[in-house]
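Colleague: Handing you this structure, nothing more for now.
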């Protein structure tokens, strides 16, 4: 059971928006006392708003929130917090927040996000922040409905008389409290659902029969598919066996192909070996003609060759070391020469520095003379002169400090007098500003008063106009009431309700007729389904017949007649196509065999071309250094031979000439005669002859080296060309064989192309036959479908005839469409009448609202008239305030004139003092500038002399001598290095000559080794060729061909048998595909659909029966619950009335609930009072006190009966309009109720009253120790104070 714990209020009504006021609710009784207007009712309003989210009545425009004008703010935030325990005794906190903003002309109230917290196990969990969710969650947590919280538990004082309100409002509130409309709507929905489900059950029965037929047909198709799959499995196993035999046959063919390929390869190898032998023989002959054959063994030649290589390597290493040595010497020579050039430059620089120092001495002497004359110095010593200059600078600085100090003292005194005068002026200015500010405020106030006066000035005229408007409004209200009485809206409403009752009775009769008609709806539904199926299948049959005829004419080029036997005709055509296919497939297999043989020969030719081309590339790479033809190479070899011979002769002649000239000189010196002519020579001729011989001897070595080098080049070229000649022979032979092989390949490719053309023709004919066979097979399947459809139509006709016999003839007399049409018209009429009733009610409500609005507007006008009277009084007061303000302004203006006259009197004296101050400042600046200039000049002289002295201390002559000596040593090193380079060059020339002789001897040994290697290669090639020729004689080439033909025949036969089996398998697969397509398209999930429909039909039938039972039980339960609750409520009301009411005019009161329509589930409510046997409506016949007492008692009874989970009840001013006896009686009854319910843990009675005597009568000190007093503080803010009883 739920209960409330405490609540805090902030910013609601008269409660302050800056602080919270809290109240704790006790069990079983909480008393709240306060004077009228203190804020007691606000507590009930906050409880109702926190639990339901409903604002109190008449709170539009933010009246529920603390007024911003009172607190002087533009925006006020309000908040209500309620702590309570839900039905599970879990503590929860509900927080609701509001905001009221005031703008220039409007107010805006805004509901902010709230919060619903749950506190469990010391953890805080937020359930929701949305206001809409709080409105539903809080009543749910308290265990009562929102209507019960609104109308019973936390009922507002202004709405507390609702039990005696007009019938419509009373019915609405009782229906909300009992939640009767919800149950009535649920019951109507259940019954409507039951009727709909009965119709659905009948349709489901027909659908179930149809699904059963589809299921049986699907099972037949699945059986046929299963048999076809078994046949396909057998065929595939047979095909696998054939595939193994075909693979084995292909393997044997491959082995024979490989044997044939090996034979051809051996022939190619033999031809290649013959060609290679010819090339080697040619090379051997050429090599013998160009070399000297030695008798040494190959091992000796190899050793000699390797020794040559070592010697050459040693000589080359020695040559490289000498070259490196020469390079190092050249680098050293270069660096020494660069250093020599640098030293020469340094000597020039030092010479320049010596000249600069001489000039600097002259400048220094000139400056010293200038200083002596400028400062009148008698010293001759340089140091003494610099000391005198420093003293002069110090003296100038000291004189400046003394003079500037005196001027600054005078300046400070003048400045003090200036500041005093300015302070007095500032005081006067501030005074003027204050008077001006005060004057401006006075003028602003006066302006505002005049503005307000101008605004209120038309009020007098408005008051007269409003008086006339109030009189017109009274007349308008009177006319509206007369018009409302003339329309007779209540009589019109009764008329429409009578017509609506008649229409609903006729609809009930039609529902009974439809129920009786639906007993045989299952048979009619089946007939309708069968007729639709027959129509659909007939249309499909006609379409398929047309498709069959058009397809047959397209395939066979002639039309099929209606009386033809489709199956026999198609079987004949299929057999004819099968025979043609067999013939063409055999021809295609034969062509494929021939083509395979051609491809093998082409492959061998291509391989041979590739080998020859690759061999040619290898040979050509060896000749990449020679770009000429074979003929040009022969002529070039011959030319080289003659040129080599000439160069050898020339070299021999040169070697002989050197000996000859030396012998001639010897003879000339000894015998003084010429060696050739033996003529004697005199001294002059002898001298000339010796010089000539020496010049010839000097020329011969260089000429011999030149001729030797050229001879070496010619010999190397001759050797390269001699080696290339046999390779040219091989390339010519390869070109010839390439040409022959390409010609053969071209012929084979031409034959293959012819075979391909023939094969394409046969393949085209095969494709045509395959397409025709496929079309014929499709036609066979179409004929089969047509037969199935004809059989299905005959079955439907038989089943339809059986159903027509079962259908009774009496059903035909009722036309269901006409009945439904009449029901539709009645439904439209019922809707129209209901709209008319609603429209009449709306019109009545509108008239009443119009009258109420007019009355409200009239009251507002009267209120405005009163406000205008107040404004006229305010206008008179404003006139007085304006006059007083004018007098104040005149007084302030006089004061302003007095102060202004005193301003500016000290201005001339102030100007004189400021001029004097500026003059003193200028004198100080001038003195400082002069002193700084003299000090800077003296310091500059001293600085320049110090710098020049530093430069003159450097010793340059010693450095000059050192560099000159170093330059002489470096020059000597350069000459020594140059002589070493010349010696190294002589050694390099001698070493080159030794290397040339070694290479000539090495080449001859290498040629002998190469000749012996070629001889061995020739012997190996001849041996291998003889072996291959001997092998060829043992092979029988014809046997290869016979065995190949046998294997090809077997391969073709196996493929033909395999193709036949695959064709049959293809036909079966097509048949299975068609059957599966039929299953997927027409019978997809037939079993599942039948099973689901069977389950659905059975379960829907059973569920519909249970739905009827549930509707009947719910109807009875609703009526019993309502009757039981009303009896209990009336019992409690009777008991409380008799115990409370002290008068004798009314024995008791009760609540009557009269049934409104058929079914006793809709009620009209009224409160009656009983006197003896008479029972009268209490509304309009009771006094104000009886009205208050009756409403309290009814609320107590409703809370007792319906608030089982929530024992809370709040009474706001329960003693209103009660006399003293009834107050005492009500207090005693409340005390008795508290005493009886105090054992209930969650019972909480909240009493709010201004009557403290009533509190004592309730016997409050027996149930609680404290009570709460609500009052206003000094700021007129409501506050809650806890006080002891």
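Using the three backbone atoms N, Cα and C, a Cβ is placed for every residue, glycine included.
As annotated in Swiss-Prot:
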- 13, 36, 37, 39, 40, 41, 42, 65, 67, 157: ATP binding site (BINDING)
- 41, 157: Mg(2+) binding site (BINDING)
- 674, 677: Zn(2+) binding site (BINDING)
- 295-365: coiled coil (COILED)
- 630-668: coiled coil (COILED)
- 698-726: coiled coil (COILED)
- 727-809: coiled coil (COILED)
- 814-902: coiled coil (COILED)
- 630-726: domain 'Zinc-hook' (DOMAIN)
Colleague: Residues with Cβ closer than 8 Å to the Cβ of residue 67 (ATP binding site), same chain and 6+ apart in sequence?
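Modeller: Listed in sequence order: 76.
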Colleague: Out of these binding-site residues, 41, 42, 157, which one has the fewest other C-beta atoms within 10 Å of its own C-beta?
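Modeller: Least crowded of the binding-site residues 41, 42, 157, by Cβ count within 10 Å, is 157.
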Colleague: Can you tell me how many other Cβ atoms are located within 10 Å of the Cβ belonging to residue 37 (ATP binding site)?
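Modeller: So the Cβ neighbour count for residue 37 (ATP binding site) comes to 13.
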Colleague: What residue among the binding-site residues 13, 40 has the most other CB atoms lying within 10 A of its CB?
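Modeller: For the binding-site residues 13, 40, the Cβ with the most other Cβ atoms within 10 Å is 40.
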Colleague: Does DSSP put residue 41 (Mg(2+) binding site) in a helix, in a strand, or in coil?
Modeller: helix
Colleague: How many Å separate the Cα atoms of residue 13 (ATP binding site) and residue 41 (Mg(2+) binding site)?
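Modeller: Given the Cα positions, residue 13 (ATP binding site) is 10 Å from residue 41 (Mg(2+) binding site).
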Colleague: Average the pLDDT scores across the coiled coil (295-365) and report the rounded value.
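Modeller: For the coiled coil (295-365), the model's average pLDDT rounds to 72.
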Colleague: Please find, for 13, 36, 37, 39, 40, 41, 42, 65, 67, 157 as listed binding ATP, the greatest distance between any two Cα atoms, in Å.
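Modeller: Site span for ATP, by Cα atoms: 22 Å.
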Colleague: Which of the three DSSP-derived classes (helix, strand, coil) applies to residue 13 (ATP binding site)?
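Modeller: Looking at the DSSP assignment, residue 13 (ATP binding site) belongs to neither helix nor strand, so coil.
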Colleague: Please report the DSSP secondary structure of residue 157 (Mg(2+) binding site), reduced to three states.
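Modeller: Its secondary structure by DSSP: helix.
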